[in-house]
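Enquirer: Feature list, courtesy of TrEMBL:
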type	residues	note
BINDING	B:CYS48, B:CYS51, B:CYS54, B:CYS103	[4Fe-4S] cluster 1 binding site
BINDING	B:CYS58, B:CYS93, B:CYS96, B:CYS99	[4Fe-4S] cluster 2 binding site
DOMAIN	B:39-68	domain '4Fe-4S ferredoxin-type'
DOMAIN	B:84-113	domain '4Fe-4S ferredoxin-type'
REGION	B:132-163	region 'Disordered'
Amino acid sequence: MTLEKHGENRFVVPIGPQHPALKEPGHFEFVVDGEIVTGASVRLGYVHRGIEKGAEDRTWTQNLYLMERICGICSHIHATAFVQGVEKLAGVEAPPRARAIREIFAELERIHSHMLWLGVAAHEGGFDALFMYSWRDREVVMDMLEMLSGNRVHYSANLIGGVKYDLTPDMMDKIREGLNYLEERLAHYLDVVNNDETFIGRTRGIGTMTREQAQLLGAVGPTARASNFAYDVRVDAPYAAYAEFPVEMVVAQEGDLHARFVVRILETMESIRVLRRIFENMPESELVTRVPRRIPAGETISRVEAPRGELFYFIASGGGEKPERVKVRTPSLCNWGTVITLAVGHKLADMPMILAGIDPCFSCNDRLVMVKRNRQDPQVWTWADLRNYGIEYYR
Amino acid sequence: MIKGLLTTLREMFQQPVTIQYPEVKRPVRTRFKGRHVLKRYENGLEKCIGCSLCAAACPADAIFVESAENTDEERYSPGERYASTYEINMLRCIFCGFCEDACPTEAIVLGDNYELSFTDRHQSIYTKDMLLEPVPPGGKPTPQNTEPGKYTRSVPVMQDPQD
Ligand code: SF4
Ligand code: SF4
């Protein structure tokens, strides 16, 4: 996704890295002809944090906490992907109850992430009332997560070989109560999304992606499912307890922004349904199994379905206390291609909504920075230079 | 349009969901992980024995511990050693609670305080004095003068932790 050469008499609108329409830094260039966008490009990498490199320096358990901090919204799913990979390498399996609890956290997280997105996307479309309402209702699920784990964002529920927190029947009752309320609200939002005329005017027929395009551009998650591309890791390659408590895949035919709203809201409702099913048949077992401190040498991949789509981990162990390499590929990265393709032919004013439509998460997809290895280049810093700079800066 | 106005009207008579922070504070849950507290035993002795296990466990390298020898005349904690310096850099800390899990004596516990703010980076380093909880009623402040041979065991007998 490099910057293209633009013709002479066309006008380029740069957006970002700092821009009111973007919640995180990313740079976009839209070539416009009057109001209509005729070309788009994206440039990422402003929030690269070197987490993968940092992971090589920490023990397996410490990395668990580090991986969780890749994303502030889908933190649990990152840790789940990581522990599942490590457990696979170590040849152990988490006990059934631990796997069920992982699924509970993952689904609660999906509810909170989709409601957050619903608010943000509505806000980009100028529908701030929906933004306020959905964020108010999101507090309900945030409270549940705080009750379960103590934290609203980084739950730290996973351990290698199991989970840290148990669910008491009392907590399940409280969560059920909250879910009933949420389900009612979600039905209301679905009604709004389907029947509000201004809202439909802004979403129907905008950013339409066909099934072929979705496949070609490598779209994942709800973005792909809204284009009738039925692919969901939870269904196609069940992990955690998804084999015992399956979810139903939600797909839509239209592929436009409206379909993405509908798919995400229906997915949230499906999460509520599966949570109820788990609470009814909560398996009884230990919470953790023993895992050796040193993980046997080997390589593995681990795939999970994050709220935004398929999350992919590659983990290599050299047989020591620390991983040799951890590679993360987040779903947002796969979906950027769709944005710059779909933008063409739409009004500039639709861009924020098309952008928000894939539920982008900038800081979790900024994985790699390419630096030209040219020693004379003042932009190449050695580790010692950086350290000195940091010390001087804060003196 | 009428429907929209009805929603507005209905919401007008509802209780606001926001809280007037800082006048009103929202209580935290039992499992909440806030600012650390260094615990004491009932008699006032510090639980921390300066073993640095928390510092080794910490994924963010936020903890710095330096230990020194206990004597019976100047006793800070049971056993041989105590933490003479204990610092946590709150800017580095990610509040994961792993230090809590690593501690053999349950000396460090993540508390309820979430109001951490500083005006410069040096203030973000919390020292032992700031982290240590006050002496419980009936206890004596450290260092204590204790009878020889009474506090030789540094790690107490534990029960299962509750929340
Ligand atoms: S809570 Fe985590 S980051 Fe903070 S001091 Fe403890 S181990 Fe380190
Ligand atoms: S707080 Fe606990 S782990 Fe840390 S030095 Fe003290 S006794 Fe050791």
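Glycine residues also receive a Cβ, built from the backbone N, Cα and C atoms like all the rest.
Automatic, uncurated: that is what TrEMBL annotation is.
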Enquirer: Taking the domain '4Fe-4S ferredoxin-type' (B:84-113) alone, what is its mean pLDDT?
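Expert: It averages 89.
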Enquirer: Translate the DSSP assignment of B:CYS99 ([4Fe-4S] cluster 2 binding site) into the three-state scheme.
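Expert: Note: B:CYS99 ([4Fe-4S] cluster 2 binding site) is helical by DSSP.
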Enquirer: Between B:CYS58 ([4Fe-4S] cluster 2 binding site) and B:CYS103 ([4Fe-4S] cluster 1 binding site), find the distance joining the two CA atoms and give it rounded to the nearest Å.
Expert: 11
Enquirer: Which one is it: of the binding-site residues B:CYS93, B:CYS96, B:CYS99, whose Cα lies the shortest distance from the Cα of B:CYS51 ([4Fe-4S] cluster 1 binding site)?
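Expert: Nearest candidate: B:CYS99.
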Enquirer: For [4Fe-4S] cluster 1, what surrounds B:CYS48, B:CYS51, B:CYS54, B:CYS103 with a Cβ no more than 8 Å from their Cβ centroid?
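Expert: Surrounding the site, in chain order, are B:ILE49, B:GLY50, B:SER52, B:LEU53, B:VAL65, B:ALA83, B:CYS99, B:ALA102, B:PRO104, B:THR105, B:ALA107, B:ILE108.
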Enquirer: Under 8 Å, Cβ to Cβ, against chain A: pull out the ones among the binding-site residues B:CYS93, B:CYS96, B:CYS99, B:CYS103 that qualify, in sequence order.
Expert: B:CYS96
Enquirer: Going by DSSP, give the three-state secondary structure for B:CYS54 ([4Fe-4S] cluster 1 binding site).
Expert: helix
Enquirer: Can you count the other CB atoms that lie within 10 A of the CB of B:CYS48 ([4Fe-4S] cluster 1 binding site)?
Expert: 26
Enquirer: Among B:CYS48, B:CYS96, B:CYS99, B:CYS103, which binding-site residues lie by ligand 1, judged by Cβ under 6 Å to any atom?
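Expert: Listed by sequence, the hits are B:CYS96, B:CYS99.
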Enquirer: Enter the number of other CB atoms within 10 angstroms of the CB of B:CYS54 ([4Fe-4S] cluster 1 binding site).
Expert: 24
Enquirer: If you draw a 10 Å sphere around the Cβ of B:CYS103 ([4Fe-4S] cluster 1 binding site), how many other Cβ atoms fall inside it, taking every protein chain shown into account?
Expert: 21
Enquirer: Compute the C-alpha separation of B:CYS93 ([4Fe-4S] cluster 2 binding site) from B:CYS54 ([4Fe-4S] cluster 1 binding site), stating it in Å without decimals.
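Expert: Given the Cα positions, B:CYS93 ([4Fe-4S] cluster 2 binding site) is 12 Å from B:CYS54 ([4Fe-4S] cluster 1 binding site).
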Enquirer: Determine, to the nearest whole angstrom, how far the Cα atom of B:CYS54 ([4Fe-4S] cluster 1 binding site) is from the Cα atom of B:CYS96 ([4Fe-4S] cluster 2 binding site).
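Expert: Cα of B:CYS54 ([4Fe-4S] cluster 1 binding site) to Cα of B:CYS96 ([4Fe-4S] cluster 2 binding site) measures 12 Å after rounding.
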Enquirer: Which binding-site residues from the set B:CYS54, B:CYS58, B:CYS96 have a C-beta atom lying less than 6 Å away from ligand 2?
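Expert: Cβ under 6 Å from ligand 2: B:CYS54.
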Enquirer: In angstrom units, rounded to an integer, how far apart are the Cα atoms of B:CYS103 ([4Fe-4S] cluster 1 binding site) and B:CYS96 ([4Fe-4S] cluster 2 binding site)?
Expert: 14
Enquirer: Expressed to the nearest Å, what is the distance separating B:CYS99 ([4Fe-4S] cluster 2 binding site) and B:CYS48 ([4Fe-4S] cluster 1 binding site) at their Cα atoms?
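Expert: Taking the Cα atoms only, B:CYS99 ([4Fe-4S] cluster 2 binding site) lies 12 Å from B:CYS48 ([4Fe-4S] cluster 1 binding site).
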